[in-house]
Every structure is written in structure tokens, then in C-alpha cells.
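These notes are about the structure you will find just below.
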Amino acid sequence: MSVILAIESSCDDTSVAICNNGKITANVIANQTIHQNYGGVIPELASRVHQQNIVPAVQQALINAKVTKQDINAVAFTRGPGLLGSLLVGVSFAKSFALALNVPLISVNHMHAHILAHFIDDPKPGFPFLCLTVSGGHTQIVLVKDYFDMEIVGETLDDAAGEAFDKTAKLLALPYPGGPLVDKHAQHGNPLAFKFAEPQIAGLNFSFSGFKTSILYFIRKQEQENPDFIAENLDDICASVQYSIIQILLNKLKKAAKQYGIKEIAIAGGVSANSGLRNGLQQAADELGWNIYIPAFQYCTDNAGMIAIAGYHKFLKNDFVGQDVSPMARMEF
Ligand code: KG4
Ligand code: ZN
């Protein structure tokens, strides 16, 4: 029997989940809207809001899961990567809670957890599988050999795919975080209206820095000719940028699948909520005979459900950490 309470506070969402014998029975996510005023996450504000949110989120998770504090067998937390101040709130709360309840502590790597979100619901991928992990801070192709035996076989050399979405949204004066809004507008636009060059990067790695700049120059140039260019073409710009990002991601994923001879293919992280990426992956699966795995929406963007399932698999191995654990330091993938 195991009831694991998990805390995720790596960026700007305070989330608390409960995993009861391998089933997620609560996944409370308190979003921080304050950052919308600034067009991006302000780390100091994020840590302060985590402090306000964390106790109510824990209380709500216990209510939703119909358990009490006394039922908890272990406390799992995101150790990193993430914003240091935000992580500190989660780590400090987890340590104190585990100490007060006299239960073990479980440290979880946020990027492992995005991948292990695939073990919350059915169908679950079989090992080995390839996972394209695409978030606001990361873009990786990971060869997943077992729950905690993972190898990064390709990654971005500079910016993440999520940043390309968010930066595009900012250029178009859409509010932060813009990725979901680009997705929404893209659904009404023509993906082939404008063309953006695919970065030529060797092997399985990615680069989005030059791509982001090319969008900036493209929009500036168009606006010189027509000041209403954005207003008149918003849906088409979103659809074309989104299409280009998805092509970059899927071309590398296809290359990796061929190189490793693997047809079990998953996507994870915030950008895996993108409807175009989900459709594109389905098309690739139909063409290439892949079995594909896409997490439910609530487990794509940052959430403690994924920390709880990762914590559960560590609990089964008695893989605990001491009270002296620090956030992030000496973390390995
Ligand atoms: O995994 P996540 O919640 O946080 C990090 O670990 O970074 O990912 C957040 C990123 C942001 O860049 C956000 O704009 C992007 O995921 N995102 C999306 C969509 N939903 C979230 N990007 C494109 N389309 C979406 N529907
Ligand atoms: Zn994340």
C-alpha cells in the first residue's frame, strides 16, 4: 500500500498531487496569473505566490483524493531543473511535511517526470521508447530504456520549442504564455501562407534561436510595408509558424526513430498540448507504423501528477533522499 503526496513548483504553477497505489487520485494546479502583466515569468514573484498557494493546494489535494495526512507514506518533490526560488518553496515544504509525518522523501527530476507522465493512464508505452520532450525550457529526444534509465539522444543547442511559441506570441502582442494562443489562432489559419527556413543542424539536435530571429525580421519587414500586417494575417502567421516548428520537431523525431529502429514514440511537456503537433504525430504514425503516446492535457503542462507517478516508481525501489538534499545541485538526467 502506498499513498504518495507530490509537489511541483519548478516554474510558475503550484501543483500538488496524490498517487494512491499507482493511481493519480488528485492533481491540483494553482496557476499564477500575475506574470501576464509582465509578458513572462518573474522569478521573485513566482516564489512568493508559491508560498501563498502551497498550503491550500495541499489541503485541496487531500480533499480531492479523500485521504488524510496520516495516510501519506512518502512525500515526493521536484528537485529541478527549474527556477531556484520556486524550487526552494517546494523542497522546503516537502522536507518539513515529511519530517512532521515521519515518512521518507523522494526527489524527482522534472524532465524525467514529464516522460513518466505516460505511466499515469493507459495505454502505456513499452520499453524502449523514444520521447520528444518539448517544454518552455527544454527540447529533447530521449531514449527511454526503463523508468529511470534514460538517455538524451538529441536536444536544443540554444532555445526551446516552447520559447519559439511564446516569443512569436509576444511579437504578435498575444498575452503570456502565448503558446496555447498561437495554437488557437493557428486552427483558423493557412499553415503554408508564409515560409520559414528550417535550421540545418547536424544529427538529432535542434536550434530555435535563429528561427526566432527570422520570425522577428519577417514581421518587422512586413509591417514596414503594411502597418496592419499582423491584424490582417494573425491566423495565417500563427498557423505558418506553428507548422514550421512542428516540421522541425517531427523531422528530427523521424530521424531518431529510424536511427534507433524504434516504433514506440511518445511526446511530453507543455508543447505536447499543441493540437498541430498532436495531429502531425498521428499522421507520422499512420505513415510509418508507429505506436504513439500522448499524455492527457492535464499531464502535458507542469503538474504534480507526473511527479507523483515518478515518486511512486521510486517508492517501489525504496529510492529515498535525506533531509540534507538541496534543490538542483549535482542533479543528473
Ligand atoms: O512543460 P511546461 O508547462 O513548463 C516547462 O517545463 O517549461 O511547458 C510550458 C510551455 C510554454 O512555452 C507554453 O507556451 C507551451 O508549453 N505550451 C504550448 C501549448 N500549451 C503550452 N505551446 C504550443 N501549443 C500549446 N497548446
Ligand atoms: Zn515542465
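Note: Cβ is positioned from N, Cα and C throughout, glycine not excepted.
Of the listed candidates (ASN37, ASN274, ASN279), TrEMBL assigns ASN274 to the same substrate site as THR133, VAL134, SER135, GLY136, GLY137, ASP166, GLY179, ASP183. Of the residues ASP286, ASP302, ASP319, TrEMBL puts just one in the Fe cation site with HIS110, HIS114: ASP302. The record assigns THR133, VAL134, SER135, GLY136, GLY137, ASP166, GLY179, ASP183, ASN274 to the substrate site; their largest pairwise CA distance measures 18 Å.
Separating the Cα atoms of SER135 (substrate binding site) and ASP302 (Fe cation binding site) is a whole-number distance of 9 Å. Under 8 Å, Cβ to Cβ, and six or more positions away along its own chain, GLY137 (substrate binding site) finds CYS11, PRO81, ALA160, GLY162, GLU163.
DSSP assigns ASP302 (Fe cation binding site) to coil in the three-state reduction, outside any helix or strand. Checking the binding-site residues GLY137, ASN274, ASP302 against ligand 2, the ones whose Cβ sits under 6 Å from it are ASP302.
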